[in-house]
Every structure is written in structure tokens, then in C-alpha cells.
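Beneath this line is the structure, given in C-alpha cells, with notes to follow.
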């Protein structure tokens, strides 16, 4: 049983008690807890119910209720002696962004609407983004991980050069990074933390989608600490609301680039993004707010209103548009989910 996030509710002699897991003192013979009166043809049963702290949910084969049997073992009618687990809730921010607002871009996140947003400082102090997808794993771009490293650098070489913050500048230690096996085409890497983070209203993973939310005109939110209008990194988390763009128009905009990022003076920003079947574009021509240097690795967050859940539909890969080019480029999350789940399970 994971101790993180778990609370046990005891029903003893007709009274309820909440006990933190890990508490060595569970005295069932406490004089302050009187035994209930006996009843004819009946008996008193000792029960415990496992519950989870806020921002966690119970994962169990049974209902989480355990009875003390004759062998003095706590058992569930379905799960037996197997204990439930408290797993982190994803995509349920306590203070979601106001989706009625009409000001596009440049808004400050004062409420903690993007608790999955992490800040990564790479080698030589460059700020980039990362996205919390569980209480121990984050997604970012492979290019972020390789910043100021040679193309031959290994994951072991990269790991100690990174500094990572979640929530309100909470420093977390990195155990390892895992690069996508085809990261020159699928610009993605995973970061595993040494310890699980405690999920709170300020620190919460975003869900990975099982269905494709990407369609032209669909609106998503991107947050980050990238450069602002003065080309300086901001110390306040900002966010922008952007629609998914027509992929064909995006390809034409970037001069029909279908190859890995390279210098091209005919491109609006002097370089070509990676554009392929694993990517999509988002952005507006009408407004002058956009993602910029340092925002890569952030999620294109979409709210599923039916489920009232936020999903990372994509991860920002090309963050050099900076309101000069019309579109940012994102890696499709649906193309990543199998690899992500397999990698997390193996590691």
C-alpha cells in the first residue's frame, strides 16, 4: 500500500476514527472509546474503510472496507488481504482557467490553473518547460533535454545537468531521463523523479488522452515561463489560449518542411520545425501573443467538458514562433501514450 495520500477510517464499537497510515498507535482498547451495548441475537463487528486524501482516489478490487477475521487479519470480501492504493488524480485543477475570457494570450496564472506545469533549467541556465503526467513522471521535448549537449550525449550524461521545479518553485530531484527511441522525428523525452511528489492544488498531473482531441478550431491552453515581449524570461507563469490550425496551411507557412529542424532563411523564423504525422499546429494570425523560446515542453491542454477533465492533447515542440510566425508546433499526445505507459511500467 502506498503510504502517500492514504487515510484509514475506523468503525469501532459504533464510532468513526480517521487514522493516518504509518501511525503506529492504533489502540483498539482505548478507554475513551466505550464499547456499544450488546443486542440480542447480534454482535459487534470491527471494520476499517480505506480512504484517500484530497487529490487522490482509491484504486481497489473491492470497496475498500476490511473486516477483522478470526485469525486477526484485515480482509476484504473481494480483495482478501490485498490492500488498495491511493493514486494521484489527474486533470482536475481546483481553480481551472476561466474559459469564458476573451483576452487571448499573455494572461498571468494567479490561481494555479495549470498545476501540471513544471519549469526546467537546462545546462548553462536556459529555462524550458516540462509537463507532469503522474506523481513521478514528466514529459518534455528531446530538444529541451539536449540543450547545450552534443547530439551524441547519453541520457546518463544529460540527467545531472538538469534542475526541475514544480508548483511554486518546489525543487524536485531527477532520477533519470528516457529519450523516445525515434526522438529526431518524435521530439519527446520522459523525466523520472527520485521521489513521488505530493499532489496538491498547486501540483497535479494532467491526463493523457485516449482519444484524439485535435481538430481545426479546437481551442487549447498553453502555459509557460518562456520569453515575453521584451525577449526576457518571465518569473511569472503565463498562459495563452490558441486554436488548432489547419495542418496543410501550417506546412505551407513553414515552406513545406517535412524534415527535422534546420536553418532556412525563407522560413518566418529562420528555421524549420519538425512537421510530420506525429505533429499538429496551433496559433492565430490575428493576435500578437504566442508561445516563445522557453515554452517548449508545455502541454496543449484541452478541457473535456463531458468528463470535466483536462488532457494534454499535445506537447509544444517548436516554440520559436514568438508572434512572428503564425503557428507553434506540437507533438500529438495520442501518438505517445503507448510508449509512455510502457516506459513508466519498465522503469
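Just so you know, glycine gets a Cβ as well, placed from its N, Cα and C.
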> Can you check which of 259-264, 265-270, 271-276 Swiss-Prot lists as region 'Interaction with CD163'?
Replying inline: 259-264
> DSSP says what for the domain 'Sushi' (31-88): how many helix, strand, coil residues?
Replying inline: 0 helix, 22 strand, 36 coil
>> Tell me the Cα distance separating residue 52 (disulfide bond) from residue 250 (disulfide bond), rounded to the nearest angstrom.
In response: 46
> Which of 52, 86, 250, 281 (the disulfide-bonded residues) has the most other Cβ atoms within 10 Å?
Replying inline: 281
> C-alpha of residue 148 (N-linked glycosylation site) to C-alpha of residue 52 (disulfide bond): distance in Å?
Replying inline: 43
